[in-house]
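Positions annotated as domain 'NLE' by TrEMBL: 2-40. Positions annotated as repeat 'WD' by TrEMBL: 164-205, 234-274, 320-362. Look at TrEMBL and you will find 205-229 tagged as region 'Disordered'. Annotation comment: TrEMBL describes 216-229 as compositional bias 'Polar residues'.
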Amino acid sequence: MGLSEIVNSLLAAAEPDHEALPFDFLVDGELVRLPLQQFLLAKGISAERVLELEYVKAVAPRKQDEPCPHDDWVSAVDGSNPSFILTGCYDGLARLWKDAALCTQILEGHSGAITSTRFINKGVETEGNLHVVTGSKDRSLRIYKFDASVSMDYPKRVGAYKILRGHTSSVQSIAVDPSQDMLCSGSWDSTIKLWAVEGSEEDGDAVSLKKRRMNSDSSGPEESQLEGSATSTLLGHTQCVTALTWPEQQTMYSASWDHSVRQWDVRTAKETWNMFCGKALNCLDCGGEGSSLIAAGGSDPVLRVWDPRKPGTLAPVFQFSSHSSWVTACKWHPSSWFHLVSSSFDGKVMLWDLRTAWPLASVDSHKDKVLCADWWKGDSVISGGADSKLCIASGIEIV
């Protein structure tokens, strides 16, 4: 705080209309998280040395938005679309929230709790037509397509145009490939299945969508839905596949309760690398420099980051241990090498920077276990929990 006051007064002297901001400070590439004197002692830096301090805007939410209520646990959230947030809920429904405030679409059809949801088409250019996939404890995935441009009667109920069946147990995780043509799902049956988003039934799509529109107020007759089957199955895990990420066209990563992270070659459907970390894993994401670091969390309070480019070592390159219960989700910031968000059964969502072991911020908006978290629009963190709420913490400035 003292250093922030000094920098703010210097900036105000140069620019009279400067608004005071909280700053963070870096010494030799590490964020200062102690009083300066203690920091110097801890790092063995002489007090005689001239210190070069780099200052950056402090990363912390400035505002807690109004939470979006659900009817049951919020188990999945996707913030990759800047206009809509997609949530999955234990009531078997997925919901779209426009601008994190208004529920515009309810995606129905699953007979069990939803465990994962993903936008297939990401980004702004798809403002009107949205393409979404959901996975559920009913062992199926469902794909939805709909026009999300403004209509007055909210929320609109939408049925799936395609059902993907093949898993013999609950679907737990989904990832979409970078070209958006394929998706993969991980299940409690210990397998990963690959699916084509659009099969050879391209003409059938149009027919089923027409039929669907005539019945849009209900979920529509089952026979108008397309069925898809898996193009391949990846075998190797021995327990539930809890998390998947598909950072490059030919490379996919999975995490499991069998304590392993595995890398897969999509073309050959073969495992190319694995790592056993001694803990059942719940979440996984790739990011950092060159998108080559792997962050994962699971059945202890520690969020770990590995660098698979370092052969022969299974020691994490970073460990963050401020949570007090199991870690349920971790996501790298979409445009920063340094920043991560994590959530935990301890009811907290935490923001991390690789340059310090302490959390930048801890968001306490949930009253119960947090089950999922993601970044949204680059400056907000969204999370869902066992308190049946979608919470949004916004105003996070990451340069």
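Every residue gets a Cβ built from N, Cα and C, even glycine.
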Checklist entry - Which whole number is the mean pLDDT over the repeat 'WD' (320-362)? => result 93
Checklist entry - Going by DSSP, how much of the domain 'NLE' (2-40) is helix, how much is strand and how much is coil, in residues? => result 18 helix, 7 strand, 14 coil
